[in-house]
Amino acid sequence: MSAANITVSTGNDTMSGSAPASADAATNAPPAGPAGPQVNEMELVYHISLLILALIALLFVFRIPSMVARFTRSTEWTKGHIFSSSARDSSPHIVHVTREKEGMGMGSSDDSHTYYNHGSQPQRIDGKGLPTEQNPPPHVSMCPAFLRGFAAELRTRVLPGYSVNQVICVLVYLASWIYPTFYKCNPLSEPVRTGWIGVAQLPFIFAFASKNNVIGPFLGMGYEKLNFMHRAAGLIMVVAINVHGMGYIMKWVIKGTFQESIADPSMYWGLIGLISCDILYFFSTEGWRNRAYNIFFASHVGGFSLLLAGTWQHFEVTHPWVWAAIGLYSFDSLCRWIKTRIHTAVIRPIPELGMTRIEIPQITGGWRAGQHVRIRVISSGMGVYGWAETHPFTIASAPGPEGMIVMVKKVGTWSTNLFNMAKFGNGEAGVGRNVTVMVEGPYGGPGVTLPSSHSAAVFVVGGSGITYALAGINELIQKDLRGESRTKIIELVWTVQDPSSLVPLVPQFSAMIQSSVFTPVRISVFYTRAVTGKFPFAKDFFHPRLSLAPGRPKLASILEATISKTTTGTSAGTRSGMMVAVCGPAALADDVVNQVGKIDPTRRDEVGGIEIVEDVFGW
Ligand SMILES: Cc1cc2nc3c(=O)[nH]c(=O)nc-3n(C[C@H](O)[C@H](O)[C@H](O)COP(=O)(O)OP(=O)(O)OC[C@H]3O[C@@H](n4cnc5c(N)ncnc54)[C@H](O)[C@@H]3O)c2cc1C
């Protein structure tokens with residue numbers, strides 16, 4: 001951006017840089033404020049924006065080692081960006097050469113329903129029957145060993161859903177804008193400055209929010225993990241624009257020139273921008289987001305369109321910032337269009353879980369476990385507006401010939417309509433239904449974390465968060481079968497309300513346990529509600545390594561047990577850390593993070609460090 005045309009200073013009290021959008025605006029411009037030292041407003045906020053980009057670049061530098069580790073595998077280059085429909089069957093050949101007794105189940109309750117069985121000693125062989133070479137991925141710890149304690153402190157939650165890390169990021173961002181707000185300026189008597197601060201937020205607001213944003217890939221994180229910065233930038237903009245607008249309105253009212261001043265097109269467009277900004281903020285609050293998502297969404301789209309139009313018409317000098325926001329939005333829209341597929345899916349009800357299973361067999365690859373999609377079900381059965389709504393869901397299957405599976409919990413109107421459609425379907429025996437779906441993605445996921453590069457993986461999930469674990473564990477098993485994994489211990493801890501929730505997933509859990517021939521998967525299900533009536537399972541119903549117990553999981557002892565198994569099962573030189581993946585409500589994620597933070601530093605170092613991957617179903 002050239003600063004050559006910037007001539008106006010704080011002293012003359014208009015948006016500095018060049019001419020106002022309207023020719024009359026210069027004469028109708030707000031009265032001059034107190035004479036002060038010359039400050040080029042536009043240049044000031046431009047340089048602060050550059051400073052913030054430089055800070056983001058600094059964070060990127062810390063991510064480079066993990067990124068290099070991930071992208072040394074050519075297969076990783078194509079994963080996680082765009083869906084494909086040509087899954088190659090890369091199943092390895094496995095032979096079973098001996099039989100031996102398997103280990104004991106992991107019980108954390110006296111009332112555990114577990115039994116033991118015999119397994120076999122498998123071996124990977126190639127097409128000629130010769131043992132195959134293993135090719136595990138490189139492991140690069142997210143932080144050096146001497147900083148692990150500090151990193152654990154940074155992960156500590158200070159507010160529900162907010163870590164120290166996030167609070168620091170917000171404070172640094174805030175401080176970066178407080179400085180130019182007050183630099184040689186009293187924002188109350190010279191409101192032009194806060195106008196610039198507000199306008200300068202626009203590119204950041206769009207960059208932090210868009211699904212395909214330009215910052216996320218450099219930081220190795222999905223858009224949903226950057227949403228807290230979108231909110232911070234948004235809040236700064238709302239405050240700044242209000243101080244700016246109210247400052248002028250007060251001046252005009254005191255001077256008795258309000259009507260005359262606001263009649264100027266550049267001024268009333270400014271007022272339109274201010275009002276749309278406030279409406280946008282009001283409908284963005286948590287209550288609206290949680291209880292009336294559609295109103296939140298519609299007000300966001302409408303509010304931002306008007307805000308951009310208002311800013312554009314307000315003063316011509318704002319155009320580069322508006323262009324930047326439009327550019328980011330256009331890039332996002334283009335990527336969304338490229339990432340969208342329309343297919344016929346099969347939907348089936350899972351009454352025990354209160355969920356609907358969406359099967360999209362045409363999409364067989366292109367995603368990483370832990371990523372989510374945005375789905376629109378184009379059917380009149382979804383309601384008057386429901387067919388037009390797009391909802392995010394974590395992919396519940398690993399890439400493979402069986403295709404993509406998504407599981408949707410019945411919580412509100414949209415998901416209930418979907419469940420009802422599936423229940424009274426047109427499929428086999430009247431259950432299940434073919435519907436047209438628009439699938440956009442994949443988004444989010446583990447970022448630069450390579451789950452299969454860790455010695456141990458623990459999945460702690462609650463309720464419908466099981467979708468994340470199903471995909472994650474199946475992907476680990478597949479990689480392990482191909483000899484592309486370092487993971488030697490896989491634990492799943494699933495908390496549900498009712499033990500009958502387990503019934504529909506028993507076949508899937510059994511398949512996971514049976515196929516995990518090299519790295520035994522252990523599944524512990526906990527139910528929190530008292531059982532009324534007959535217990536849904538016979539004592540000998542369960543598969544080896546699958547247990548069901550009442551109460552909440554004792555996370556501390558589960559994590560410690562996994563560390564012990566890892567340290568006894570592997571030699572110190574080969575240990576490459578433990579990944580703890582958590583998926584479910586924000587409170588569960590907070591609990592897991594706090595429990596991991598309490599692990600004894602010596603034990604943490606013995607296992608090679610602990611990395612947490614979070615997927616929370618909400619913003
Ligand atoms: C990244 C991510 C992954 C998710 N994965 C799963 C999953 O695998 N399985 C599952 O059952 N649920 C998942 N969810 C939650 C799921 O998106 C919501 O439960 C669903 O959109 C609810 O829609 P509804 O109209 O039936 O309920 P509502 O009662 O309207 O909404 C319930 C909650 O969902 C939020 N919500 C509603 N509509 C949307 C939308 N269009 N976009 C984003 N949030 C919305 C609301 O803010 C509210 O908090 C995920 C959410 C996110 C953010």
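Note: Cβ is positioned from N, Cα and C throughout, glycine not excepted.
Listed in TrEMBL:
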| type | residues | note |
| --- | --- | --- |
| REGION | 1-34 | region 'Disordered' |
| COMPBIAS | 1-15 | compositional bias 'Polar residues' |
| COMPBIAS | 16-30 | compositional bias 'Low complexity' |
| TRANSMEM | 44-64 | transmembrane segment |
| REGION | 102-133 | region 'Disordered' |
| COMPBIAS | 114-123 | compositional bias 'Polar residues' |
| TRANSMEM | 158-179 | transmembrane segment |
| TRANSMEM | 199-220 | transmembrane segment |
| TRANSMEM | 232-254 | transmembrane segment |
| TRANSMEM | 266-283 | transmembrane segment |
| TRANSMEM | 295-315 | transmembrane segment |
| DOMAIN | 335-449 | domain 'FAD-binding FR-type' |
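Mapped onto DSSP helix, strand and coil, the domain 'FAD-binding FR-type' (335-449) counts 27 helix, 49 strand, 39 coil.
In the predicted structure, the domain 'FAD-binding FR-type' (335-449) carries a mean pLDDT of 92. Remote same-chain residues near the transmembrane segment (44-64) are listed as 1, 3, 172-173, 176-177, 179-180, 183, 196-197, 199-200, 203-204, 215, 218-220, 448 (criterion: CB distance under 8 Å, separation of at least six residues from the stretch ends).
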